[in-house]
Amino acid sequence: MTGSPTPQRPLVDSFGRRISYLRISVTDRCDFRCVYCMAEDMTFLPKKDVLSFEEVEAIASAFIARGTTKIRLTGGEPLVRRDIMALVRNLGGRIGNGLDELTITTNGSQLQKHAEGLFGAGVRRLNVSLDTLDEARFAQITRRGRLGDVLAGIGAAQAAGLAIKINMVAMRGVNDDEIETMMDWAHGGGMGLTLIEGMPLGEVGIDRVDTYLPLRELHDRLARRYSFTKLDKRTGGPARYVHVAETGGTLGFITPMSHNFCESCNRVRLTATGQLYLCLGQDDQVNLRDAWRNGGAAALDAALDHAMVIKPKGHDFVLDRTRAEPAVARHMSVTGG
Ligand code: SAM
Ligand code: SF4
């Protein structure tokens, strides 16, 4: 699905990687407090520091002009930001006019309300994060959420015509006994399932070493029971996919901890305050909000050039018991998952 012409000055970093995918965190706030993502008591950004929709659109336009063909809205929970559908509609208007695709990663809690609007705005695919199908466990993991709302939201999204991929963070001793159930459920309902390794991002008040589950181990466990065929589906990200013969569905493995995927990286991440992070696992960043506010489109364009020069080669996540603090201090909800 690539219909966009090659831009005059594509974004290419100093390692020759073409950057064509922008993730935008529209808010760091969320109606859940998932144990691996946030602490119970979070200090959120002051609203005045958060980019306005006009600013988000100006930055998105600068990226589209330089060859960005895919945008994903994330957060925090993107669908809890007030009037979010206005932004979705405006960015959706760029599909076929620079953009190939606009997608969203959501916890699903607000989907019943927004499913039809998302489809109407041009969104065709959603990633919904769901780690369990057990009501009590769901409440424990999210510290807030109601499983029924999320399941009803997924139903509404499918009814509206949206394709869904379920993202599940696999945690030892928390939900690793549910992987097969989740796969049967997702594939049975026509959805993909992608398993994610927990990453050391931000202080969350629990010890991640205890729940860390290398997906290699999980892959081998599942491969004893199911027949996998490797798929050559490349997203430029850390996911690898297999087709599962018994269920007829697609299973993905996101292995940032145990498998290095950085050589094919095609993405950068914009925070809700306009910091452009060039790697999920490093601190290198460029302040696009200041560039835009102080210098307009020309300064924004120059800031993108600078970003390409400083984008790091890769991350160096390490999880070990001798290191008390997380590898990266900011939470996933700040950078955008
Ligand atoms: N609130 C939305 C959601 O949950 O889908 C979007 C933002 S959330 C930060 C994006 C993804 O990041 C979710 O799939 C979540 O499970 C994942 N995530 C958050 N913290 C993580 C961590 N420390 N390690 C691995 N995945 C994480
Ligand atoms: Fe919220 Fe998503 Fe983080 Fe859970 S993973 S706390 S839903 S931002």
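Backbone N, Cα and C atoms are what each Cβ position is placed from, and that goes for glycine too.
Where the annotation comes from TrEMBL, it is an automatic prediction and has not been curated.
Taken together, the residues in the domain 'Radical SAM core' (14-238) have a mean pLDDT of 94 on the 0 to 100 scale. Per TrEMBL, the feature domain 'Radical SAM core' maps to 14-238.
The feature GTP binding site is assigned by TrEMBL to R23, R72, T105, K165, R267, V268, R269. Mapped onto three states, the DSSP output places V268 (GTP binding site) in strand. Remark: V268 (GTP binding site) has I19, Y21, L22, R23, L276, Y277, L278, A307, K311 as non-local neighbours, by Cβ distance under 8 Å and separation of at least 6 in sequence.
In the three-state DSSP reading, C37 ([4Fe-4S] cluster 1 binding site) counts as coil. Per TrEMBL, [4Fe-4S] cluster 1 binding site is recorded for C30, C34, C37.
If you look up TrEMBL, you'll see Y36, G76, S129, M199 marked as S-adenosyl-L-methionine binding site. The secondary structure of M199 (S-adenosyl-L-methionine binding site), as reduced to three states from DSSP, is coil rather than helix or strand.
Per TrEMBL, the feature [4Fe-4S] cluster 2 binding site maps to C262, C265, C279. Using a 10 Å Cβ-Cβ cutoff, C262 ([4Fe-4S] cluster 2 binding site) registers 18 neighbours. C262 ([4Fe-4S] cluster 2 binding site) falls within a helical segment according to DSSP.
For R267 (GTP binding site), the number of other Cβ atoms no farther than 10 Å from its own Cβ, over all displayed protein chains, is 19. Take the mean position of the Cβ atoms of C262, C265, C279, the recorded [4Fe-4S] cluster 2 site; other residues of that chain with a Cβ within 8 Å of it are R17, F261, L278, L280, G281, K311, P312, K313, G314, H315. Taking Cα separation as the measure, C265 ([4Fe-4S] cluster 2 binding site) is nearest to R72 of the binding-site residues R72, G76, T105.
C30 ([4Fe-4S] cluster 1 binding site) has its Cα within 10 Å of the Cα of these binding-site residues: G76, taken from R72, G76, R269. Under the DSSP three-state reduction, S129 (S-adenosyl-L-methionine binding site) is assigned to strand. Residue with the densest Cβ environment among the binding-site residues T105, S129: S129, by other Cβ atoms within 10 Å. Only C34, C37, of the binding-site residues C34, C37, T105, place a Cβ under 6 Å from an atom of ligand 2.
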